[in-house]
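S.K.: TrEMBL lists these features:
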type     : residues : note
DOMAIN   : 1-153    : domain 'Peptidase M28'
TRANSMEM : 204-224  : transmembrane segment
TRANSMEM : 231-255  : transmembrane segment
TRANSMEM : 267-292  : transmembrane segment
TRANSMEM : 380-409  : transmembrane segment
TRANSMEM : 421-442  : transmembrane segment
TRANSMEM : 454-475  : transmembrane segment
């Protein structure tokens, strides 16, 4: 930010708006810095727009991940940034609550009603906010990427008169003006409004329904049954793929020393979950393929009984293959309809994965008449159909997987509250979803390609090798650069103390990274730590359900005079109950106060401050 300020100062000619650089703290304690500025600082009344520079990693691209309410700003960023990067799917995840986190931008939006953009680094998420969060892990070019993009955007925005109208637009804005945005390989950013997205989606949905209805009417009863069986293949594909990956998710904590053995080596996910997801999807689809062929056999016996057995078998196989390919259109069409109904920004993915494959199929494969006999699908159809979808979404999926795995280092807000299999279950479901959605077209080619046996053998071998590597510990869960997040807290517990009784003192060891602390305690065996779930610790803002504790030498190095005190000075009941409490924070600089809502149903605060 200092370098940005220096750069802007060299170009600050003709500015119509001032640029304030805010360096604040207190984010991790509840976004206190941003809240204090926007509610108390005299400059806050002059703020029209906010740019929040965040990080949930320590390098890579600084990507736009929130800002849908400011379409003009996103359009400007896309136009002037040298390396525009951003994905609305990250915004959708934040708004859905799937990511239990918040940024300073949310304070500015909710408290002051301001619009803004949120940018963040997301590479090496696993080491962020740990002892290994070091400068040497910062990728070369990361700061340059952010600097060049921000300098161009700030210069353009400062000279624009658009900010003077932002307040009016914010009051008049609706969901129709929300921005949809995504980048293509970090070189070009696509931006359009929700209104345009709705028009485009409605048009594609209507045309798709018309084409399907016409096709089914022309195909008659056999076409309708074939359509139903192809949909069954999709359902079976999902069931088998999810079942196998979820099974592996439950097995991993039983065979590994860590419930998340892939944190340091994320590529292990390919073998642990990608392989069973593909096996399950291929198995489920093949069962649907079998029933579809069986039905088509009866149809062809009545339709063209004069054909030889070999020719008839080929025609049945080719038509069944086509129905499997077209079934991919159905699932993406359903997702497009649902996304359009609920105004989900990332519905563009359904559009991208529906239109190009459908267009390629219509161009290269469509028979246009039920009397024409089918032919085998061409490889060029697959290439033409998947080129655009893969280009748009492959990088996004890879980065999203890496970010999800990295988040697991700090996943348990209340240590020990989640089952050991939860994190692997999340990755398993995500892997199955990606496979079933994005490989559905490719899988339809495998059944007749002669590569089915090789694919099954390869996936089984990969899964077996990966499970063996995980169970034997060949790839350690943590490395020199990627370690688990462990907290060591000296606890002085005054609960239940009466009169001159001494408070309880002990050292608590716990981790927000899933898994037991056996290895850590082995390295601290002289400290006499005991571990388990039989000593729940309530730290007001979070609870430790599983941890370790030791009272050895815990009475040394501190004074009773340093302990914050809470004293009830008076407690009276008239029309309402009034309790006067004195809190002496002593030397404490950060403290939290909680009210037990199980005991107190309603309350108000009145505070007095004594220096």
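Positions of Cβ are set from backbone N, Cα and C atoms, glycine also.
The shown structure was predicted, so the numbers you read here are calculated from the model rather than taken from an experiment.
Mind running through what each feature is packed against?
M.R.: Sequence-distant contacts of the transmembrane segment (204-224) (same chain, six or more residues past either end, CB-CB distance under 8 Å): 299, 303, 329, 333, 336-337, 340, 351, 354-355, 358, 369-370.
Packing against the transmembrane segment (454-475) from elsewhere in the chain are residues 248, 251-252, 255-257, 261-262, 264-265, 268, 270-272, 275-276, 278-279, 282, 446: each is 6 or more residues past its ends and has a CB under 8 Å from a CB in it.
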S.K.: Go through the chain and flag residues at least 6 beyond the ends of the transmembrane segment (380-409) whose CB is under 8 A from any CB in it; none is fine as an answer.
M.R.: 56-57, 87, 89, 99, 122-128, 130, 182, 184-186, 260, 262-263, 266, 269, 349, 352-353, 356-361, 363-365, 423, 426-427, 430, 434, 438, 441-442, 445, 482, 484-485, 512-514
S.K.: Calculate the per-residue pLDDT averaged over the domain 'Peptidase M28' (1-153) and state the result as an integer.
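M.R.: The predicted confidence over the domain 'Peptidase M28' (1-153), as a mean pLDDT, is 88.
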